[in-house]
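As written in TrEMBL, here are the features:
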TRANSMEM  B:12-39  transmembrane segment
DOMAIN    B:68-277  domain 'ABC transmembrane type-1'
TRANSMEM  B:72-93  transmembrane segment
TRANSMEM  B:105-123  transmembrane segment
TRANSMEM  B:158-179  transmembrane segment
TRANSMEM  B:200-233  transmembrane segment
TRANSMEM  B:253-274  transmembrane segment
Amino acid sequence: MRRLHWWQRGLVGVSLGVLAFLYLPIVMLVIFSFNDSKVTSFPLSGFTLHWYEAFLANAQMLRALANSLWVALFATALSVVIGVTAALALDRYDFPGKRLFQNVILLPLSLPGIVTGIAMLNFYKQIGIPQSLTAVVIGHATALLGVVVSQVMARLAKINRRQFEASADLGATPFETFRHVTLPGIRSAIVGSALLCFTLSFDEIPVTYFLTGREVTLPIYIYSTLRRGITPEINAIGTVIVAVSFVLIVLSVTLLRDRERS
Amino acid sequence: MTLTRRTIPGFAALFSLPLAWVLLLMVVPYAIMISVGFWTRQFPLFYPDFQFGNYAQILADPQYTTVILRTLKIAACVTVCALLLGYPLAYFLVFTVRSQKLRNLLYMSVIVPLWVSYLLRAYTWKIILGTDGALNSLLVSTGLVSAPLDIFLYNQTAMVVTLVYIFVPFMVMPLFTVLDNIPRRLIEASEDLGVGPFMTFWKVIFPLSLGGVIAGATMTFCLSFGDFVAPVLVGGPDGTMVANLLQTQFGAALNWPLGSALATLVLALVLILLQLSSRLDRAGRVDLA
Amino acid sequence: MTSSPIVALDGVQKRYGAFVALHETDLAIAEGEFVTLLGPSGCGKTTTLRLVGGFEEASAGRIAIAGEDVTERPPYRRPVNTVFQDYALFPHMSVAENIGYGLTVRSGRIGRAERDRRVADALSMVGLDGMAERRPGALSGGQRQRVAMARAIVRRPRVLLLDEPLSALDVKLREGMQVELKRLHRELGITFLMVTHDQTEALALSDRIVVMNQGRIAQIGSPTELYDHPASPYVADFIGAANLLDAQALGGGAFRLAGGQTMASRRADAAAGRKVSLGIRPERLLVASSAGGNALDCTVTERLFHGDRLRVELALDGATRPLFAEMARTAAAEGFAPGSRVTVHADPADVMVFETGDRP
């Protein structure tokens, strides 16, 4: 082993610092969710599960949670169905306007959500649809399409084209080829991007902010509570959300990673 | 496949739903938003029109220009800071960590926070930087300061810190990908030709990673430019950003035409940046085969 | 070797965890030699080259180049340059920038005019005049190969390392480049150390070949030595080709094959009763329809057309492994259809004998 140069050690230092920067705040959130005090300050004053009990007893919060779960579920289902068909079409066919279509569908990935939210709000207003959770579902599905399309297309690009030709050569119809060759190849990308969509929709703020009506989602509920002030209850629900998201995201990233072995 | 009489039915079956969705729910809404930007307002109603009054107002009224310039400044700061933190981290992951397993684990641990509740991650900085927050209480209890400081929260620095925190993974992702794609042979070739690690970085690695720098910077800039949660949670009186203005136009101020015009400007900015970045990226792209 | 070697490996070993890529190895290469490391993939040849280049660190042993111990030195402090297998050209630099790269940095810095001159010289030496401003992406495989060569020689290394330099080229181009390599070696007068898995390439180019197997040197020698006097069945089969027959020594240069037939060798003997391998090169087996001395009875199983030559696969009575024989395309040879009974003769001077313990 060659010894590390000073600059390499510096690099290690900076990198560990950035990693700490990424995780310390989350650790704080978790710590204070168990801290027996109304303020989030050191030294810690004792262990409590009170804040968890509080949010479990908060009917409004639980209702918002249920809303969020439904919204995320439907938005994900829509994104996956539309996103996968779009990815297949984009991958397989050349047609006029392909690049433009692709750019439009991927635009929400780098466009601040607030613009999408405002555009859809204007649209709903014009066609007379009221702000509601349904409006939110459609908004989320639209904003998250890009996630599914980009991930599934990336996977499709890695599949050896000859497999499709071989399948057709062996007498499979296009649908059979999709079922037996294409789908197994992209299945983990679909599941991975679905998990990602679910988490993102569950946490979505900017689009939801403009499209939601009387019924709110959990992030909007938290957001409006926060504007009034901090309660450790938020730390508790926050810890739960972070924990669940973590599991879903790790799962998703694992599934989306190129399976280099195959 | 190109479209022929034989392939059109399959294509139509696949493509009609996504096309309809994109047209109806993306193209049409953006078009409506853009056209509402030309409408006039007579409180509390809006009338279809075609005039540039809203744009003129946005670009002439210091109330708006200040916020736009500030947002540009903050987004630029966030981008630069994220790059300065993200590049060493990506470099470290790709070139210093030798074990593939450890590298994947660390990379995952960098990008996972990116998708974890954006609201809560902004919120954590509120509980850290607040007057009776974690940082202050830590400083007081260790005796470094005698009374809690209120200089941490509700200012532009807090916003930059929070936004950098949120967007660093966005920077690391493309950087990691480009660095990881640089064939190790090129670095060996450079060292073989008598070039030390520093110059090898400067002449080989860095130029070949520019695509990732551009991609990461574009994403970070666009997304932090349109952020409205950080200003609300940790920004102070001088922390209003464009997104907060937008919020107001569709809320209390009830001026949708002006809001739509402003949102159109944001859309235009993002499109220009994306175009610019893809052009830069294409110009700089080299055949690594 | 009289003068001190330009490259000397002394007990060099390379381990990756429990896996030993290169067992303790000694190797000395003389100034100006063209030495080839030859072997199948995973034999340790590339590891050896990378150890000399400084891309791998030896787990044990010392490496000296031009009399200086370079074991601890990084690649950029070693007086060698490498032509990489996939060329490793910098894609963001022009051909001229690629070639001049090693002359712009501190360790090789020279004046601009001098640099331009040397780049131009190197370009014309590899026959690429007029290509200076191209990007590597716009070059053909053969042209990239030449740029890689030019880039490596422009710093005037003491030793040029070549890692499978021709493997990415198609057959026709490869043969042309072999001539080029030989010419460059002669004109430059520096030491070449090349890695290849292609024995034809090694035989055609090298002064000496180092045959490697499973992380060890199996044999070192000139191409003719290796071809005529392989030290083991492994080398016999790797350099050229060999029919290997399990046999038992009967004493007096006679051997009994597995099927009961006998063969004689004038090249070596073994104590009666010892198990040995007999090696006979396919082109040394004479196939005939009638009996003769030192002959084996066989049946033709396949006949393959190789242009001016024919290759015949034979089933030896009582043996499981087939024999191969190669011969000129004569009218008689054309008659050996599959199924015909033939006898094959071998001159006892062409029958190699390997004690089975020899196997490396």
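FYI, residue positions are counted from 1 along the chain as it appears here.
Each residue, glycine too, has its Cβ placed from N, Cα and C.
Source: prediction; values computed, not measured.
Ranked by number of Cβ pairs under 8 Å to the transmembrane segment (B:253-274), the listed stretches B:12-39, B:72-93, B:200-233 are led by B:12-39. Listed by sequence, the residues of this chain that lie at least six past the ends of the transmembrane segment (B:158-179) yet keep a Cβ under 8 A from its Cβ atoms are 74, 77-78, 81-83, 85-87, 89-91, 93-95, 107, 110-111, 113-114, 118, 121-122, 125, 129, 152, 205, 208-209, 211-213, 215-217, 219-220, 223-224, 227, 230-231, 233-236, 239, 241. Counting same-chain residues at least six beyond the ends of the transmembrane segment (B:72-93), those with a Cβ under 8 angstroms from any Cβ of the stretch are 103, 106-107, 110, 156, 159-160, 163-164, 167-168, 170-172, 175-176, 179, 205, 212-213, 216-217, 220-221, 224-225, 241. For the transmembrane segment (B:200-233), same-chain residues at least 6 beyond its ends with a Cβ under 8 Å from one of its own Cβ atoms are 71-72, 74-76, 78-79, 82-83, 86-87, 90-91, 118-119, 122-123, 125-126, 159, 162-163, 166-167, 170-179, 182, 186-187, 190-191, 239-244, 246-247, 266, 269-270, 273-274, 277, 280-281, 284-286, 288.
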